[in-house]
Amino acid sequence: MNGKKGSIRIDICLTPKNVVPEGAKKPITEGLSPRKWLLDVWDFARQDTNRVTFALKVGLACLLVSLLILFRAPYDIFGANIIWSILTVAIMFEYTVGATFNRGFNRALGSVFAGVFAVVVIQVAMSSGHIAEPYIIGFSIFLIGAVTSFMKLWPSLVPYEYGFRVILFTYCLIIVSGYRMGNPIRTAMDRLYSIAIGAIIAVLVNVLICPIWAGEQLHRELVNNFNSLADSLEECVNKYLSDDGSEHPEFSKTVMDNFPDEPAFRKCRATLNSSAKFDSLANSAKWEPPHGRFKHFFYPWAEYVKVGNVLRHCAYEVMALHGCVHSEIQAPYNLRCAFKSEILDAANQAAELLHNLGKDLNNMKWSLQTSQLKHVHVSTEHLQHSVDLHSYLFTASQEDNSNKPELKLSRVVSFNRKDFKKQSSEPESNAAEKTTPPLPVPMHESYHEMMKRQQRRLHSWPSREVDDFEDDENVVSDLIPRMHALESTTALSLVTFTSLLIEFVARLDHLVEAVEKLAKMARFKQQTEN
C-alpha cells in the first residue's frame, strides 16, 4: 500500500452529494419550461385568433353530439351506433366553411354509396345460403378495397380521395358488423342516420358560429402578397445601393437565407411558397355560399389563383435581385452610385404600382392604373438610356490601367521550357533592339516554383486586389488581361442587377392584365383614376 512490492494502490474519488456531474448540470427540459411553452402558445394564438375560434367550435360540436349519448332518450333510439356521430364530427369538421362542406360532401356521398353496396351485397349473400355467404362477403370486401384504392389514384378523382376512403371503411364496418350482429339492413340504416346527425351538427356549428370563410382568407392572402412583394423590392434595392461592401455576410448565412435585417425578404419567400395554399383555399371557396363582400354565385375564385401565379412570376425576379445583393462578385460602390437615382426611381415606381394594385383588390374597386403604369415605363426607359449612355464605365478599368508603367507590360514571360531556352540563347544584339530591358528572372527559382506562385495568385482573388499583383517585383504580364476580365466582371454585375429590375417591370404588364381580368369577372366597382 505505500509503494511496497506486491501491493496495489486503489484511489477512490468520492463525489460529494451536492456536486452535480458536468454533463448533468444543464437540465434536459430547459427548452421545455412551462412558462416558455405558454408564451409560445400565446404568441401562436395571437397571430391568428381564428385558430382559437376553430378549436372552441370543434369542442362545442363534439359536446353537442355527445349529448345524444349522455341523454337516455336518443341513446335508446340509436343505441351504440350513435358513436358514429362523434366520429363524423371529428373527421368532417375543418378549419374553413368551404373545406367543411367539401369534406361533408365526400363523407355523405361515400357513406351513401357504402350503405347501398352493403345492403345489396348482404341481400345477395343471404339468398345464397349460409355456406356461400361468408365467401361472398369476403370477396366483396376485397373487391371494394381494390377498386376504391385504385380509383383514388386517378388524376381527375384526386379531389375526391377522402370519399373513396369513406366508402372503404364504412362498407367494411357495416357489412362485417351486420354479418355478426344480425339484421344488417337495420344496422346500416342506423349508422347512416348517425352519420347524417353528426354531419348536420358540424355544418351548423361551423356556419352559424363565427364562420371562417376560405374566400375571405384567399382574398386577404393575395392582398398581403402584393404588399409583401412591393416591400421586398424596395428593401432589396435600398440595400444594394447603400451597401458599400464593408459588411458582407458569412457564406453559411447566405446559404441558409439567414438575414435578420431583411424582414420583407421572408415575406417574399413565403409568396413563392404560397401556390399550394392558394389552390387549397380556392378549392374550398368554391363550396361556400355567397357571403360577406362576395355576394354572387359562381365567384371567380380560380382567377385569384391565376393572379397569384403571375405575382409569383414577378417574385422570382425579386429573389434574383436579392441574390445579386448577396453575391460574391459586387460592383464598385461608386459605380452603383452613378446609377442610383435611375434605379431608385424605377424601383419606387414599380413598388407604388404594386401597392396600388393591392389596395384596389382590398377595396374591391378597380381603376385602370394607366398613368401609374406609364410612370413605371418612363422611369425604366430612363434607366436603360442611362446604362446605354454610360456603358463606357463598365470597361473603364482596362483603359485606366493603360497608363501603368510600361516596364511591367512590355515583357511577357513564358513558362514553357523550350521557349525559355530559346530566349536565353538569342544573341545579345537582338536583345538590344528591344525598347525595354527584360525583367530578370531569379535563377534560384525553378519552373515548378514559378507555376505554384502563379496558381496562388490566380486563386487568391478576390481576397487580393488587382493592384497588389502589379506592385509585386516579379509580376507576370500574362496575368494582367485575366485580372482585367475579373475586374470587368464586377462592374458587369451592376448590369445584371439593372437588367433583372427591367425584367421585373416587364412582367408587371402581365400582372396588371391579370388583375384587370379578375376585377371584371368579380364585378369590382369601377372608379376613375386619380
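Cβ coordinates are placed from backbone N, Cα and C, and glycine is handled just like the others.
TrEMBL does not curate its annotations; it predicts them automatically.
Panel annotation: around the transmembrane segment (54-71), residues 78, 82-83, 85-86, 89-90, 93, 95, 197-198, 201-202, 205-206, 209-210, 212 of the same chain, lying at least six beyond its termini, place a Cβ under 8 Å from a Cβ of the stretch. The annotation transmembrane segment is assigned in TrEMBL to 54-71 (among others).
Here TrEMBL flags 77-97 (among others) as transmembrane segment. Within the chain, the transmembrane segment (77-97) has long-range Cβ neighbours (under 8 A, six or more residues past its boundaries) at 50, 54, 57-58, 61-62, 65-66, 68-69, 103-104, 107, 187, 190-191, 193-195, 197-199, 201-202, 205-207, 211-214, 217, 281, 284, 287-288.
What TrEMBL lists as transmembrane segment is 109-129 (among others). Sequence-distant contacts of the transmembrane segment (109-129) (same chain, at least 6 residues past either end, Cβ-Cβ under 8 Å): 136-137, 140, 144, 162-168, 170-171, 174-175, 178-179, 184-185, 188-189, 191-192, 195.
What TrEMBL records for 135-155 (among others) is transmembrane segment.
Non-local neighbours of the transmembrane segment (162-180) in the same chain are 103, 105-107, 109-111, 113-115, 117-118, 121-122, 125, 133-134, 137, 140-141, 144-145, 148-149, 151-152, 187-188, 191, 195; each lies 6+ residues outside the stretch with a CB under 8 Å from one of its CB atoms. The feature transmembrane segment is assigned by TrEMBL to 162-180 (among others).
Feature annotation from TrEMBL assigns transmembrane segment to 192-214 (among others). If one looks beyond the transmembrane segment (192-214) by at least 6 residues along the same chain, the residues whose Cβ comes under 8 Å of a Cβ in the stretch are 50, 53-54, 57, 60-61, 64-65, 68, 78, 81-89, 92-101, 104, 107-108, 111-112, 115, 170, 281-282, 284-285, 288, 291-292.
The region 'Disordered' annotation in TrEMBL covers 419-443.
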